[in-house]
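Worksheet: the structure to be examined is printed underneath.
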Amino acid sequence: MLDVCPRLSRSANNFVDRRFSSFLLASTAFFLVYMSLRTMFVPPPVQPVAPDDTLAEVAESERDAAIEPSNPDATTESEGSSVASADIEDVPERPENPEWRTLGSMDPASGHVMLVTLNSRGGGIERIELTERKKNGRLKYRRVDVLSGYLGYLAADPTATVEGVAVNVVGPGTPAAAAVSTTAGVPNGLRPGDRIVAVNDDPISNTDMLSGWLNGTKPGDKVTLDVIRENDKAIQFTAELTEHPLDLVRLADKGGEDQVKGNLTRLSSLLTVSKVGRREIAPGKRALPSLGDPGDFIWNVTPEGKLDDAEQGAGQGADADAQTVSFELRLSEQEMQDAGGHAVGLQRSYSLRPGSYVLDMDVQIDNRYDKSQELAYRLEGVNGITLEGWWYSNKISPNWGGSAARDLVYNTTAGGHELVSGYGLLKRARKDAVADDQNLFSPNSDAAAKDLQYIGVDAQYFTVAYLPPADEDRLTNFRRAIGTLAADPAEIPKHQERAVNTTFYLDSAVASVPPGSSLKQSLRLFAGPKQPELFDQYGLQDCIYYGWFSWPAKLLGNLLHVLSGIGNYALAIVLLTIIVRGAMFPLSRKAAVNAQRMQELAPELKKITEQYKDDMEGRVKAQRELQQRVGFNPLSGCLPMFLQLPIFMGLYRSLSVDIELRQAAFASWTTWASNLAAPDMLYYWGDWMWDYLAGRGTGWLGPYFNILPVIVMVLFLAQQKMFMPPATDEQTAMTQKMMSYMTLIMGLFFFRVPAGLCIYFITSSLWGIGERILVKKTLPKTPHFDKAVLEGKVNHRGGSNAKGAAGNRLAAPKRPGGPSAGETAEPTWADRLRQRMNPEEPAAPLPRDRKRPKTNKKRG
């Protein structure tokens, strides 16, 4: 607990308690108003961009399309096309079923730090898992909200009607890939096409049953899997479960307990044609007319693993150790004529190197017509970023309106770093359901406003963003950037707006592409933790934002990193608290001495109160004169409390931003308080407690009972009980009762704060109790003021007052070579300066000695 002015007597505490209670009430009121304003106001809008005149062109192209012939033969004849009707593909040959491909591995020996799952349905990113390991072999970034065992991501279809759980993908290094076969002649590891029909002899018929069964396991458990392979062959495997790696990017319906109604399930980084000829994707739409959603097309997987006719370079697997997967989609003449153009092809590739958090990407659009075409493509951003802790976390924002769990961040040459809150996007979408997109820049913006250093989605501890290729510092080939939602705004529940699925898309510059040529773009996708060194390397350092109290937050974070070498971060927080409180011990003792001096002044203050019972102004003036005469400042004892505020705020900001404190456990031998940056989560009560209290985002307390905030509240009350004297009057009793109520209210606000912050308060409170007991035994036994000072015959510097009495021993001690205690001391230069700045005011006359003011009113 923040240590306040010690109270050592009843009368002294009446005065100090009123000041403390005023401070407490003011602080609480400020906190409540601040938190209310954060939720009431959204961040300021992004800087205005130039009007997008191309929207008018879109409308015009829609009118033109209505009168253009849709018959392909008529079009080719009018344009003199040399493409023979026999060569025109009505519908290109495409796979019937999607395929899944992976890049990276979960195997520590592979050197990879990511495992990426790609889906040929849409050719986009389905999942990105972080698989970096610590020195002890454990995952460096795991899911902090899941403590059960992990088999691996299988991409199983929950709506499938076949018996068992169909395995569509097996990531390298996952427990599913390393499963040991117990059937003779069958190699180890599950593979796509298998169906899991039982686990430990318990029948499994769908994905919900498999997930429910695994929820009762823990890392290190071994399970037996009964699997049906082709030709209905029954085989058996034994798999050892591991921790859940953090699925940094995932589908919305794979969010588990963090899944929020209204968020749409959609692949990331989808690619489509955004403009052909005069036809462009209309505002609020995802594709050109007749083409349909880009996530519905099933792309062909390129066997050689790289783009056709692509030059070697960053993004095309130039590194011999890089893994590459490529996709191709051909859009026929018929499909493109209905969209206002002619046959084109789309190609894209993904490449990942060991030890890298960067996924190299190449996209291109090919002109398959025999004449030039005006072409452009649309590249969607990522969505479905991890929602971990969205209902309790506090993501620091540079905007007044606060941050959502997922915000847009981008950096341009003109505007620098910008953050667009998910709150703002959701409010905009709800206000105007037709045009819910927000321009970040448009074709009419200045060139500097379209020079992108990065653009992506930002979470509390992680960022996923597009970056320029390794040999460039800016992305300059995009004409438009739009912030949007992968969600139905009307379906997002109240009080769960923080979890809205935020995303964006980029439209490329329009180019005239000759026949047989391509429009190409290389870029990189960064998906990693907010480590300062890593973000500096990729120019993302502005995404790590501490806000106010940044210098104590960074200082405390660095100190905790050093202290954690002694044991763990929980012990480091305890040691940090001891160091801070120990350094402030002289100030705490001085505060106790001031309280003892206040005890001596209590009788005089009581006399003043009785003397000026009906004169508030005279009472305050007399009290101030007494304090000036004896040289006492009643607020000086509260200095330790104010010095601890930067420590408190700095630690709070460190726990909210520093990636090293995420997943830091209280102790290695227990799963309780396994993340000091989150509540301790002792017991889950979300399945039976009222949603008003235990709902995620909707409840005051959250779905878990946390014991550490209860301990903090008990210690707060214990300190008040131990060191607060009994009330001597009705006002003091009311003040003490109000302080007890405020402590209970503070307990509600503290119920969802990080466990690391609770450890700080517990340690500080225990130190404060011991310090109070120790300091009380070391206080001076002699009085601080003699009767002459209290009666006003001399001041605290030994100078005579108007009453002409001499100074005293305690107020004016004898100096070597100076006047004795009974003599008037020669004022020093500092005393004269102090007297000029704070001249002593004449004593206030008693009410009976005051003269009635004269009036000109005539008596009748």
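Our numbering is plain: 1 for the first residue shown, then up by one each step along the chain.
Cβ coordinates come from backbone N, Cα and C, glycine included.
The compositional bias 'Polar residues' annotation in TrEMBL covers 72-84.
Residues or ranges marked as domain 'PDZ' in TrEMBL: 127-231.
The region 'Disordered' annotation in TrEMBL covers 60-107 (among others).
Residues or ranges marked as region 'Disordered' by TrEMBL: 791-860 (among others).
Per TrEMBL, transmembrane segment is recorded for 20-37 (among others).
Same-chain residues lying 6+ beyond the ends of the transmembrane segment (559-580) with a Cβ under 8 Å from its Cβ atoms: 644, 647, 651, 654, 658, 660-661, 664-668, 673, 676, 756, 759-760, 763-764, 767. The annotation transmembrane segment is assigned in TrEMBL to 559-580 (among others).
Annotation source TrEMBL lists transmembrane segment at 630-652 (among others).
TrEMBL lists 700-718 (among others) with the feature transmembrane segment.
Using a Cβ-Cβ cut-off under 8 Å and counting only residues 6 or more beyond its ends in the same chain, the transmembrane segment (739-762) has close neighbours at 1, 17, 20-21, 24-25, 28, 31, 391-392, 569-570, 573-574, 576-577, 648, 651-652, 655-656, 661, 664, 666, 673, 675-680, 700-702, 706, 708-713, 715-717, 720, 724. Look at TrEMBL and you will find 739-762 (among others) tagged as transmembrane segment.
If one looks beyond the transmembrane segment (700-718) by at least 6 residues along the same chain, the residues whose Cβ comes under 8 Å of a Cβ in the stretch are 1, 257, 391-392, 673, 679-686, 689, 692-694, 740, 743-744, 746-748, 750-753, 755, 758-759, 761-762, 765-766, 769.
If you take every residue in the domain 'PDZ' (127-231) and average the pLDDT, you get 94.
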